[in-house]
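Now, the feature entries from TrEMBL:
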TRANSMEM  41-64  transmembrane segment
DOMAIN    57-309  domain 'G-protein coupled receptors family 1 profile'
TRANSMEM  76-102  transmembrane segment
TRANSMEM  108-136  transmembrane segment
TRANSMEM  157-179  transmembrane segment
TRANSMEM  213-242  transmembrane segment
TRANSMEM  254-276  transmembrane segment
TRANSMEM  288-311  transmembrane segment
Amino acid sequence: MKPKLHLYRMAHSLTPQSNSTIQCPPFFILTGIPGLRDGQAWLTLVFGPMYLLALLGNATLLTVIRIDSTLHQPMFLLLATLAATDLGLATSIAPGLLAVLWLGPRPVQYAVCLIQMFFVHALTAVESGVLLAMACDRAVAVGRPLHYPILVTKARVGYAVLALTLKAVAIVVPFPLLVARFEHFHAKIIHHAYCAHMAVVELVVGNTRVNNLYGLALSLAVSGVDILGIAGSYGLIAHAVLRLPTWEARAKAFGTCSSHICVILAFYVPGLFSYLTHRFGRHTVPKSVHILLSNIYLLLPPALNPLIYGVRTKQIRDRFLEMFKFRKNQF
């Protein structure tokens, strides 16, 4: 019997009867995307290159910003923070995801599952906060260009990143703690590709109203507040741009924000679509589509962000080409 088929059958053999429960299991079994079975292996051809692109792109972006002292400016320091967050987010999910897709259902220790749950949600919250900070940075750069060096400094960017990180940790820590308080589960099998909070909560025996309400409140509070802040920042940017006297000046000012707009769309559009299908399409959209969208939401932005900034930001593009030519001449 093939190991992949054996693990799949083992996972289903561990499903208890409907009236039985399991006391705090030492491990869960991730089954990947329900309904696809052997077809899941083909998805590695999609998610594998995405993860590789996220690793290479963000690592290159961090290297370029680190070695070029002219890029040690607030805007690029925020970009470096975004790249580091993308690296962490992609790495927290992609290795396990690819293993499940290629090898079939895989066991994951209970503690490791809770740790993954924390990092996935915390890094998502940090990324959303960094996008808001970048929007505020662009609003000051366009609206108050003469005061920008005074208002936005490297020290203030550092404090902002620290505050965003502490906020994300504080609001996400309750996720694993709210799950850890339960001692009994309906099953060991998580019909998902990673330890998503709601996927684990579905297995809990007991009243999960607090978990559900906190998950909903956190989604609205984090994404909702950040989206409103970004919208307000771009409202100020539009107001400042429209006051410029010439079309060329308006295009140049708005062009400084184009990369950020693309990154915002890459992050929030898949996330919003995934959230809406999960909340309102639960009975009409297949579960496999929910899980597929949630994985795309987590892996697509880390793969696209370095491409967007690498292609559309002249300083980074020029510095990368210089590095490439230098390495080529060495050989």
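The first residue you see is number 1, and the count goes up from there.
Even glycines carry a Cβ here, placed using N, Cα and C.
Automated prediction, rather than curation, is the source of TrEMBL annotations.
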As a test of reading the model: what is the averaged pLDDT for the domain 'G-protein coupled receptors family 1 profile' (57-309)?
87
Is it the case that the transmembrane segment (157-179) and the transmembrane segment (76-102) have 3 or more CB pairs under 8 Å, with pairs at least 6 apart in sequence?
yes
Contacting positions for the transmembrane segment (41-64) when only residues 6+ beyond its ends and CB under 8 Å are counted:
33, 71, 79-80, 83-84, 86-87, 90-91, 94-95, 97-98, 101-102, 295, 299-300, 302-303, 305-307, 309-310, 316, 319-320, 323
Need a quick answer: max count of Cβ pairs under 8 Å to the transmembrane segment (108-136), which of 76-102, 213-242, 288-311 is it?
76-102
Does the transmembrane segment (288-311) reach the transmembrane segment (213-242) with at least 3 CB pairs under 8 A, where each pair is 6 or more residues apart?
no
Quick test of the contact rule: Cβ under 8 Å, at least six residues beyond the ends. What residues does that give for the transmembrane segment (254-276)?
82, 127-128, 131, 134-135, 138, 141-142, 219, 223, 227, 230, 234, 237, 241, 290, 293-294, 296-297, 300-301, 304-305, 308-309, 312-313
